[in-house]
Amino acid sequence: MSSQAPSSPQLSGIRESKTGERVIPATRRPDGTVRKERKVRPGFVPQEDVTRYSNARVEATKVPEGYVPGLPTQNTTPNSASVDVSASKSAKKNAKRKVKKAAEADPEDLSLSTVTPSTKPATASLPATNIATPPASSSAAEPEKRLKALRKKLRQIEDLETKQASATIPLIPEQLEKISTKPAIESEITELEKAVAALSL
């Protein structure tokens with residue numbers, strides 16, 4: 001009934017005796033006296049020997065002992081080596097097909113597909129320009145966001161002006177500088193309101 005072989009030692013210490021019975025062997029107490037060997041009922045599995053349930057998915061994801069991530073597995077069978085060679089041949093064929101298809105599509109793109117060290121920096125800068133273009137498509141939302149942010153700044157400036165008028169707390173230079181930007185913010189708000197109104201029409 002137990003998951004382990006009866007002759008192998010278990011976590012609980014149960015062993016199979018010479019007569020074939022499962023027993024807990026005799027042990028010595030700290031005071032020097034000896035505990036007697038105790039028999040274990042057939043089919044009994046102590047709690048420490050019960051294995052934890054794990055489903056098939058968990059078992060499949062367990063990493064074998066000695067496995068190094070990223071290190072290719074070493075197959076000892078000779079057939080597996082021939083399979084790897086054929087896979088690399090097909091990969092080479094696929095790569096040749098891709099290059100050939102690219103050459104047929106546009107002969108100028110062939111020079112870009114075969115990357116040399118001198119052309120790498122140019123291709124690396126291309127994605128940066130592509131990243132800059134998508135925000136232009138969302139330009140309809142930008143004025144509204146900017147308008148919302150400016151209105152928030154205006155509210156903060158008005159709060160600072162009320163604090164300054166009450167004179168309970170002296171304002172720091174950064175707060176005074178913020179108050180001085182009020183006319184510029186108000187003019188920008190009016191411009192953005194006009195732009196948003198024009199976009200909504």
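Each Cβ is built from the backbone N, Cα and C atoms, and glycine gets one as well.
Under the heading compositional bias 'Polar residues', TrEMBL lists 1-11, 111-132. Here TrEMBL flags 80-89 as compositional bias 'Low complexity'. Taken from TrEMBL, the feature compositional bias 'Basic residues' applies to 90-100. Among the features that TrEMBL reports, domain 'WIBG Mago-binding' is placed at 20-46. The annotation region 'Disordered' is assigned in TrEMBL to 1-49, 61-144.
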Taking every residue in the domain 'WIBG Mago-binding' (20-46), the average pLDDT works out to 88
For the domain 'WIBG Mago-binding' (20-46), the DSSP residue counts stand at 0 helix, 9 strand, 18 coil
Per DSSP, the compositional bias 'Basic residues' (90-100) contains 11 helix, 0 strand, 0 coil
